[in-house]
Amino acid sequence: MNALSATARHVRYKQLDSLRGIAALCVFFSHYLLIFGLSDKIIRPIIASPLGILLNGHAAVMFFFVLSGFVLSLPFVEGHRPLQLTEFYVKRIFRIYPAFVVAILLALVLKTYLYDERGIAAFPVWVKHFWVWHWTTSNYWEIAKTLALIGPNFNADLIDPVIWSLVVEMKMSLILPFFIVLVSRNNLVFNLLFFFIILLLVYNKQAGYLSVFYLGVLCAKYKDQLIAKVQLLSMILITGLVACSLILYNISYEFFVTYGDKAHPFQYFWRDHLTALGSCIVVIVVISRKTITKLLQGRVFKFIGDISYSFYLVHLTLLITICSIISLRAPLSYEYIFLLALVGSVAISYVIYRFVEVPFQKLAIKLVARFKIFSQLNLKS
């Protein structure tokens, strides 16, 4: 292996971790507003302004999906590393499952011992329908299915509503290695043609996120060419490109909120893919501009990026619990609930990151290095 390959295989864009952290905060802001059901007089002007991007939780999840496709495929699409299928799966499972299990157990504790159903009565229906179940034999089975994550069919809202996206992540993780190999072996024309074939196959189906992940893989494959083109642009053109990317990313607020998801024949499908396209542009611009990179590699952003996964997992269950407790004692205490939920989520997330995420990721690396079975299935990319 030459020096260039050895260096390239270890490239990690830490600024993208920071972007993931910002996206996780956007999901928190979005859920906070949904829980309180603030009047249109308050929300509409915010959504119509550039600040609306910070409240667009669904767009943030689409960004997660694009980023997963991009980051997971990056070491392999240019042939810097062989893609060992079993190694890929082991590392992915150890990345997703441990923190997920802890978050589910935490949610069960919160629901059983701290959550007060009386305190949630005054809140919108959206939040009231989550924790209406009680401990019964049938619910034990539902909890077991939830812990399995990928099936059989289960109610994703039962314990921790945000895990619907983890179901997507796990399913896509099974397919992603084959996308990586396909994209790596073929040229741009074939890869784009295959993308449109996927669009046709998954149009308006639950598997629609397949093509969103595929966009992330494509972005990784042609990263160097795209970066080179962006770096040649003037500041005016860069500004225009960023503006276009943010409009695409925030399309659900820029267009669909105004005209309604049912005012066009495509409903949610094209909204998600336009958001994904905007996410791809954001990723390329961020990693191609040194000024943005330096900003996002600051200590605060790095910290937010490190805890982003655990934060995403725990924030909503903690927010629901705090709402149910505080509202009985101090009605309409928006600011107290916001601060307690935010600070509490950050603190718990750091503990999970430090004592669950990091150790299990290190364990996965050790297992892969020690046992040959994890390097037997080599998909030549």
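Just so it is clear, glycine is given a Cβ too, placed from its N, Cα and C backbone atoms.
Just so you know, TrEMBL annotations never went through curation; they're auto-generated.
Annotation source TrEMBL lists domain 'Acyltransferase 3' at 14-354.
Within the chain carrying the transmembrane segment (20-39), a Cβ under 8 angstroms from the stretch's Cβ atoms is held by residues 53-61, 63-64, 67, 123-124, 126-127, 162, 301, 303-309, 311-312, 315-316, 319-320, 323, 334, 338, 341-342, 345, all 6 or more beyond its ends. Here TrEMBL flags 20-39 (among others) as transmembrane segment.
Residues or ranges marked as transmembrane segment in TrEMBL: 51-76 (among others).
Marked as transmembrane segment by TrEMBL: 96-114 (among others).
Residues or ranges marked as transmembrane segment in TrEMBL: 162-182 (among others). Within the same chain, residues 27, 61, 64-65, 68-69, 72-73, 76-77, 83, 85, 88-89, 92, 96, 100, 104, 146, 149-150, 156, 191, 194, 209-210, 213-214, 217, 312-313, 315-316, 379-381 sit at least 6 positions outside the transmembrane segment (162-182) and bring their C-beta atoms closer than 8 Å to a C-beta of that stretch.
Annotation comment: TrEMBL describes 188-205 (among others) as transmembrane segment.
Feature annotation from TrEMBL assigns transmembrane segment to 226-248 (among others).
The transmembrane segment annotation in TrEMBL covers 268-288 (among others). Counting only same-chain residues 6+ beyond the ends of the transmembrane segment (268-288), those with a CB under 8 A from a CB of the stretch are 13, 15-16, 19, 58-59, 62-63, 65-67, 70, 199, 203-204, 208-209, 211-212, 215-216, 218-219, 223, 226-227, 230-231, 238, 241-242, 244-252, 256, 261, 296.
If you look at the transmembrane segment (309-330), the same-chain residues 6 or more away from its ends with a CB under 8 A from one of its CBs are 20-21, 24-25, 27-28, 31-32, 35, 64, 99-100, 103, 106-107, 110-111, 114-120, 122-123, 127, 130-131, 159-163, 336-337, 340-341, 344-346, 348-350, 352-353, 356-357. Residues or ranges marked as transmembrane segment by TrEMBL: 309-330 (among others).
Among the features that TrEMBL reports, transmembrane segment is placed at 336-356 (among others). Within the chain carrying the transmembrane segment (336-356), a Cβ under 8 angstroms from the stretch's Cβ atoms is held by residues 28, 32, 98-99, 102-103, 106, 306-311, 313-315, 318-319, 322-323, 326-327, 330, all 6 or more beyond its ends.
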